[in-house]
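Asks: This structure is in structure tokens; I'll ask about it shortly.
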Amino acid sequence: MSYKENLNPSSYTSKFATPSSATAAQRVLRKEPYVSTFTTPSDNLLAQRAQLARITPSASSSVPGRVAVSMDASSQNTALAELPKRKFTIDDFDIGRPLGKGKFGNVYLARDKQNKFIMALKVLFKSQLEKEGVEHQLRREIEIQSHLRHPNILRMYNYFHDRKRIYLMLEFAPRGELYKELQKHGRFDEQRSATFMEELADALQYCHERKVIHRDIKPENLLMGYKGELKIADFGWSVHAPSLRRRTMCGTLDYLPPEMIEGKTHDEKVDLWCAGVLCFEFLVGMPPFDSPSHTETHRRIVNVDLKFPPFLSDGSKDLISKLLRYHPPQRLPLKGVMEHPWVKANSRRVLPPVFQSSSK
């Protein structure tokens, strides 16, 4: 569960709201974005600059949930270095407005009282985790995400717990959820889609070189950072699988590759399929195998029944077709995605790739 994934923010009545009812794995339409009573120009400034700023009290900070920012790169770097080492309790934080609400808990804007560093604090209820039997999944998510360092992967700084709750200290992504951005615009143009694809491919290549398979790439699990860059934000279905081939079915139906639907073993190439589905959805506004029934969706996926609308360019269709191959070894490698002519011609990526590997 990413801090903005499958979250329907609700009104803020207490520091810790109650968990929402279970949501199905199949995608559902969201409610309108939460509009906080604390939304002010200061909050907007915060959203634009939080990743690069040291948070300090302002004249408006007497209102709960309201903070202002002043730039201090040195203080930010010091705070980042300290976060993984310190032991925390909930009393170490000023709790701001809620960012979202999910099946197992809630997410809040939070500020470390000691160094004024701002983050997203995900609060998970142990009773709900135990009820659903997903404690092992959370442990795996923490183990994986806390060790990843990439500009297109949401940072997990630390975690702590008390008798009733588990708290995940996450990077705050000021521009919010990519899925809502896609809903707002209907579909993305080629430049934005290609930029996201380059960022995604670079982040996934970083993961795969570390034997991490994500297995649940979709718009709901992606956030946008300070410059609008893509951030992979949910590692709930990821696995750290050195030399293992998996059989577990997971993820969202529209994004499942043929080998998972058919119950076959799978490896990191499931992420290549998901990248192809994602690219199609960026450009078209809906997944490529979307159908009225689950049965029909399954049929279209296993037959790779891929139909392109006429407005797609030849370059984008070529990339998608090379990713959506039935046989996993035939799918375009991530290095090939980043070097694809359509991506190179259209991507406007700002951050340089931080991970270079030899081609496989």
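Including glycine, each Cβ sits where the backbone N, Cα and C put it.
The model shown is predicted, which means the values in this text are computed figures rather than measured ones.
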Asks: From the candidates K122, K126, K131, give the one listed by Swiss-Prot for the same ATP site as L99, G100, K101, G102, K103, F104, G105, N106, V107.
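Replies: When Swiss-Prot describes the ATP site, the candidate it includes is K122.
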Asks: So what's the average pLDDT for the domain 'Protein kinase' (93-343)?
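Replies: Here the mean pLDDT over the domain 'Protein kinase' (93-343) amounts to 91.
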Asks: What count of other C-beta atoms do you get within 10 angstroms of the C-beta of V107 (ATP binding site), across all chains shown?
Replies: 25
Asks: Around K103 (ATP binding site), how many other C-beta atoms are within 10 angstroms of its C-beta?
Replies: 18
Asks: Nearest by CA distance to D216 (active site, proton acceptor): which of the binding-site residues is it, out of L99, K101, K103, G105, V107?
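Replies: Ranked by Cα distance from D216 (active site, proton acceptor), first place goes to K103.
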